[in-house]
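*Asks:* What TrEMBL records for 1-22 is region 'Disordered'. What TrEMBL lists as compositional bias 'Basic residues' is 1-19. Here TrEMBL flags Arg90, Gly122, Asp145, Asn236 as S-adenosyl-L-methionine binding site.
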Amino acid sequence: MSSKKRRRKEEKPTIHPKNKYSDNPPDFALLASLYPSFKPFVFYNRDGRPRIDWTDFNATRELTRVLLLNDHGLHWWIPDGQLCPTVPNRSNYIHWIEDLLSSDIIPRANGKGDVVRGFDIGTGANCIYPLLGASLLGWNFVASDVTDVALDWAERNVKNNPNISELIEIRKVKCSRTTLTPEGLNNGEPSYSEDVEGLPSFTLDRLSSEDKSYNGPAVLVDVVRDGETFDFCMCNPPFFESIEEAGLNPKTSCGGTYEEMVCHGGEKAFITRIIEDSVVLKQSFRWYTSMVGRKVNLKFLTSKLREVGVTIVKTTEFVQGKTCRWGLAWSYVPPVKKIITPHVTEKNILSFMLEGIQRQFSAIHILQSVESFFQAVGASCKLNATSFTVDITASSEDCNALLNNEVKHRDEASSCSNVEEAPSNLSFRVSVFQQIPGTLLVKGSLQNRDNPLSGLFSSIIQQLEASLRHKFCREKAGTNYI
Ligand SMILES: C[S@@+](CC[C@H](N)C(=O)[O-])C[C@H]1O[C@@H](n2cnc3c(N)ncnc32)[C@H](O)[C@@H]1O
């Protein structure tokens, strides 16, 4: 395998280790032999591997049904055309929340025994998150939605599983009085109605196409009841701004109606509303979380969170077949530790927080300083100002020079131009993430774990931390490794 290919493979985020399917992806042949209703959807490649047609809604729905039944003991169904969830993907989000709840980032909940209470915003007809959260982890849920079909089928899916039905409450979000139906929006001719049952509504003052803010029904404020508290909320928001945009992926057929997929302003507007509601509800939730479909929105939302003064922001990347999704989490609970733990604690990823960064410095200054730190000993560096990363390749000589504090002269350093070619070189990436104003997370990811120099990685990252802390931070103490 070429080093480029190998690197790409290593950088790929993995399915959550607690996910049932992380080591055992669904076995279509086995499922077909166990469930005759699934058999007609399974066909075999020339190499004998069983497959299904991902563009066939009936096939994906049947797969979800048999996976939920076989692996989770859940009885489940959705009507034609409703959004059909992929069980392994949805499980990743549940396990990420499990990690957040069990981490020491904020104090653990107390006074409520072990009962975890979550709020699923927009549960859909499939009610997938409450079903998985309750069956896998015994969590309680309030699951909200706006459409009659979603509420009706979510209720059915809960009732058909009596062993967990006590754990899940389906809650209807009431639409506002004067409404604009999505059909009206679709053909450009707004149609008005009063108290349209089951349809998300759009208030009239938000109709301007310039205004991309959310104009639909309540999300958390006015849905959460007085005095209610939750450990977390979660949301797979309507991602798209228009139905045309929602229909862009012809490679899969997961269904999805207008109401499920689209809202004015798309996910950016919807999640912004969750953030605004969180400002009102503050510590009624220990963690607020949402799925994000576009990286550019993740950046916008993260800076929005900094503006509103949350105490912590966490992000993660979910593997969703060939596409990427991100998880965004925030809290108003004061953190106990300054350590952020990724879901996979591996020696090839080391991070530290830089706090108390002086005002005049931003992430780009830190990034440039990372580059010059390694260039000074002759290592090869590639700075990417878009992804906020520096890719470093260092020879054993460079590593030793770094650990012995030896700085090479400029021309000596630049003479190491073919350093990337040698397989024994240590390759790693340093990424810089803005957390809250004055605080950055610096992450080092080792690219070639099996390299004999990898034992030096932790000392190298420690040296880097000491150097950056000395240069940029007001408080010089405290090492926060993960
Ligand atoms: C993308 S679907 C997600 C469904 C399901 N949670 C899943 O992951 O497959 C978004 C859902 O949010 C619902 N929704 C839209 N606006 C809402 C609101 N203000 N409150 C609650 N649910 C809402 C839609 O009806 C739809 O069922």
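Glycine is no exception: its Cβ is also placed from the backbone N, Cα and C atoms.
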*Asks:* Please give me the CB contact count at 10 A for Asn236 (S-adenosyl-L-methionine binding site), counting all chains in the structure.
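*Replies:* Looking across every protein chain shown, the total is 25.
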*Asks:* Around the recorded S-adenosyl-L-methionine site, report the further residues of that chain (criterion: Cβ within 8 Å of the mean position of the Cβ atoms of Arg90, Gly122, Asp145, Asn236; site residues excluded), sequence-ordered.
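*Replies:* Neighbours found: Leu83, Asp120, Ile121, Thr123, Gly124, Asn126, Ile128, Tyr129, Cys235, Pro237.
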*Asks:* Helix, strand or coil by DSSP: which one applies to Gly122 (S-adenosyl-L-methionine binding site)?
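*Replies:* It is coil.
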*Asks:* Sort Asn236 (S-adenosyl-L-methionine binding site) into helix, strand or coil using the DSSP assignment.
*Replies:* coil
*Asks:* Using the structure shown, find which entry in Arg90, Gly122, Asp145 (the binding-site residues) has the sparsest Cβ neighbourhood within 10 Å.
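*Replies:* Per-residue Cβ counts within 10 Å for the binding-site residues Arg90, Gly122, Asp145 bottom out at Arg90.
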*Asks:* For S-adenosyl-L-methionine, with binders Arg90, Gly122, Asp145, Asn236, what's the maximum Cα separation in whole Å?
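*Replies:* The two farthest binding residues have Cα atoms 18 Å apart.
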